[in-house]
Amino acid sequence: MSRRGAAIILSRSRSVVASSSSSRRPVHRFLLNMIPRRDCVNRSCCSSSSQDELIGLVDHDGRDSLRAKPVSPEDFAFLRADAHLERILELGKVSDDAVSIADAINANPTEFGDDTHKFLSRFRKRLDSTLVIDVLRGLRSPELAIRFFTWAGQQIGYVHSGPVYHALIERLGFGKNNRIPEHLFNEIRDDDREVLGKLFNILVRKFCQNGWWNEALEELGRLKDFGYRPSRTTYSALIQVFLRAERLDSAFLVYREMSDSGFELDGFTLGCFAQSLCKAGRWDEALNIIEKEDFTPDAVIYTKMINGLLEGSFFNEAMSFLHRMRSSSCVPNLFTYETLLSGFLRSKQLSRCKKILYTMMAEGMHPSISLFNGLIHAFCSSGDYSFAYNLLDKMRTSRSKPGYVSYNILIGGICGKEDIPSSEMLELAEKAYEEMLKCGFVLNKINVGHFARCLCSMGKYNKAFDVIKQLMNNGFVPDTSTYSKVIELLCQSHMIEKALRLFDEMKRNGAVPDVYVYTILIDSFCKVGLLQQALHLFNGMKSVGCSPNVVTYTTLIHASLKARRVSEANELFEGMISAGCKPNVVTYTALIDGFCKAGEVDKACHIYARMRGDASDEDVNKYFEGNAMDDEEPNVFTYGALVDGLCKAHKVVEARHLLEAMSVVNCEPNHIVYDALIDGFCKVGQLDEARDVFIKMSENGCSPSVYTYSSLIDRLFKDQRLDLALKVVAKMLENSCPPNVVTYTEMIDGLCKMGKIKEAYKLLLLMEEKGCNPSVVTYTAMIDGFGKVGKIKTCFELFGQMIAKGVAPNFVTYRILINHCCAAGLLDDAHRLLEEMKQTYWPTEITGYRNVIQGFSRDFMKSLGFVEDISEYSLVTSVPIGLAYSILIDSFCKAGRLEVALELHKEVMTSYSAASASATENMLSSLVEGLCLAGEIEKAFELYSDAVKRGHIPELTVFVYLIKGLLKVKKWEEALQLSHSVCHMDVHWHIKLEAFDGG
């Protein structure tokens, strides 16, 4: 399945796209999706044979109480095969010194004698932790790493740092399921016993830091077997890893041994221990430990214990500990109260939040601004807007003065919901709005839109305008700009009708729309495919004397080319030149992108060549007449547009040459260029080239995104290289790039095509478990997979599930279900689905049709017959709807239910006369064949005659069926006459009657 549309090419800074008369930012934007980093830790159990007093702490039942991370490579283990595969990606750059040292040592792996020491002596003065770490990572064997580590530690002026020890541990084979061989430790002990002791302690702590407490205990046992003593820090690390794993009994055993060894808990570990015990409801034991450690509880310890009680939902006990604090002469501080407030706020116990607020304020303390804002948000969410407003009053009398965020939370809470607030609540929002103006604050863009929407929805149009006017009177923004911001927001929210209403209101109130406002509206019309309306608005702005700027023209030219209205785009360009509006690099980039989308990639290449000053082409010279290109060199977006267009046209070699051309002119490629190239190579099956681009991308500091990995995953699944695909998934997770709905959908679709339906369904359940909601494309792929193996009942079950989960089926979903129902002979079910689809999801224009099929790959849509249908219609034509009817009619004909088939044909011909030529031909052919087989020759000829009247020239098969029908009823003369007529018809196909059986 396709993962995303082409990136928006017309993104640019305001200095480039703004006209000389306007410094506003451009309409076109380039949006980057930031992927939050997530740590993905894989855990499995491991037994231990510890012989000291900690025996019994290691699980043998395979369970680990640490919380599971969102996604890890092992989640996909059920897809993995046993074959060994080479690594895809290589990482890392090191210094020349590190490479030289590593090469010299690796060249003589059996010797580390005088020659090696002599060579290493050159680097003594440059020896530091970074160099040692790089060398350790470059050595071929752990033995060589130990020898170099030992040599480095003996050099004067250098001391091993913590990171060096960690690097050595990694080089020795540190891992959850790998134990470092003992002979390596023996080799270190022979050289330096003290170093080995420190290494063991760091190794135990490293396991603890990773949360691998089983392995930490095993290494603790080896530490003792070698005759070393755990340090206080090591014991503390063990206690803390057990606390994080919520294994309090194990933490107690470690604490007992630590205490017997003469070590005391540090304050931080003691606080963590007490907090964990309180969280488990064992606060008495926490108090006993504090007493045993001879530690006088202070506000910090009490606050941690209260926090633990709140985390464990022991709310009454948390309040009792607040009283215990006071009774022991320990005064609660601000952090104590804020901890209580945060805990009750998380559990939505707003009544207790009120009590804590009153108490702390009575003692002269006030929450922080962020906590105040959180409380305002919580009370707004609960519908208690009055108390939320009272909190603003409390803030005004405290050190935490209400600010921009506070007012926006309150007004956004009241007006930001889909439902319109009551008149009382709206008055409260208006009151807060007046107060924020006095304080010098303004609403953000979203809340301006919400506030204006609420005012207008309640008929307060004048009030809405007064709000905007008040903003202008306070000098915050010019009047037209204020309107522009609201109109822009409404357009971004696809509320074009409301934006137009506000636009009319703006003109009625004397605010003159500028080129920016017009351009916003024109751009919005273009984005939803309403090009005719955009042109009407364009003519309107010129009629009132508002001159379009380069952004206005560029937007319309780009939209016209995307709609394949090339002549109209040329007229706009000529008008732009005539108006003295000089095209800029964004205009030419739009031309390149538009011609690529219009299927004229060669013309796009000629424009690029002309921009570079290369050989010109007469067909594109008109775009450059009288326009010097000294300051209009192609930029990264220009290259991105052309690379993307070439890749989509499968001209990946030419696209790769463009990447090289960018380096020549010092134009640094961005991730759009790299992603397009990787996706292009993957689409044509050239994985090695895609890998080379991927490596170049990483080397140039451009981090791969989820879309980059998705291109590789999609190709690998299509090639059925499952284990290699899982390697990419693992690398993706390693780089904190969790799969998104597109990635999961690609894998599910690939598995379905491989016939692995069970695995695909498991993956669907996995993505839901990981919090990634399947899209309509995901469900459709899964339904198609079940349908292809004949599991129609499961298809309907999944269809019901997606509706129950709020995922609306679209045109493609219905089409696939209808197809599979017909294949299974469930014609009544297919007919019912058609009726349901018509009532709910039938687009009325081709633009809606295109939106419905967005997200599906071209190959997939081609297999359903959609691509050919769409190509026959312009943007103003009704959608091709005959395909679904054609399938049903054919199925009913084959089942001998001609009456239903004829009714469907009548319906599609009268209600949806714009059915595609291919669908019309298929319907006619199926009906004529069915009628002729049933002996209803006259009805068959009526259909044929009606098709001719409509201007349709039937295909050869229709005449063959008619001739066969005449022969069946023994009308020999008529059959011969029709055959003779067919031979003399001037049609668009080659007549070969002998190719048809019985012709």
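Glycine residues also receive a Cβ, built from the backbone N, Cα and C atoms like all the rest.
Keep in mind that TrEMBL annotations are predicted by a computer and have not been checked by a curator.
TrEMBL lists 196-230 (among others) with the feature repeat 'PPR'. Averaged across the repeat 'PPR' (196-230), pLDDT for the predicted model comes to 79.
Annotation source TrEMBL lists repeat 'PPR' at 231-265 (among others).
The repeat 'PPR' annotation in TrEMBL covers 479-513 (among others).
Among the features that TrEMBL reports, repeat 'PPR' is placed at 514-548 (among others).
Residues or ranges marked as repeat 'PPR' by TrEMBL: 549-583 (among others).
Marked as repeat 'PPR' by TrEMBL: 584-614 (among others).
Among the features that TrEMBL reports, repeat 'PPR' is placed at 635-669 (among others). Nonlocal intrachain contacts for the repeat 'PPR' (635-669), taken as residues 6+ away from its ends with a CB within less than 8 angstroms of a stretch CB, comprise 6-7, 9-12, 30, 585-586, 588-589, 592-593, 595-597, 601, 604-605, 608, 611, 676-677, 679-681, 683-684, 686, 689, 693, 696-697, 700, 702.
The feature repeat 'PPR' is assigned by TrEMBL to 705-739 (among others).
TrEMBL lists 740-774 (among others) with the feature repeat 'PPR'.
Residues annotated as repeat 'PPR' in TrEMBL: 775-809 (among others). Beyond the ends of the repeat 'PPR' (775-809), by six or more residues, the same chain brings 1, 741, 744-745, 748-749, 751-753, 755, 757, 760-761, 764, 767, 816-817, 819-821, 823-824, 826, 841, 855-856 to within a C-beta distance below 8 angstroms of the stretch.
Summarising the annotation, TrEMBL assigns repeat 'PPR' to 810-844 (among others).
As annotated by TrEMBL, repeat 'PPR' applies to 920-954 (among others). Away from its own ends, the repeat 'PPR' (920-954) comes close to residues 882, 885-886, 889-890, 893-894, 896, 898, 901-902, 905, 908-909, 961-962, 964-966, 968-969, 971, 987-988 of its chain (Cβ-Cβ under 8 Å, at least six residues beyond either end).
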Per DSSP, what is the residue tally for the repeat 'PPR' (920-954) in helix, strand and coil?
27 helix, 0 strand, 8 coil
Quick check on the repeat 'PPR' (584-614): DSSP residue counts for helix, strand, coil, in that order please.
24 helix, 0 strand, 7 coil
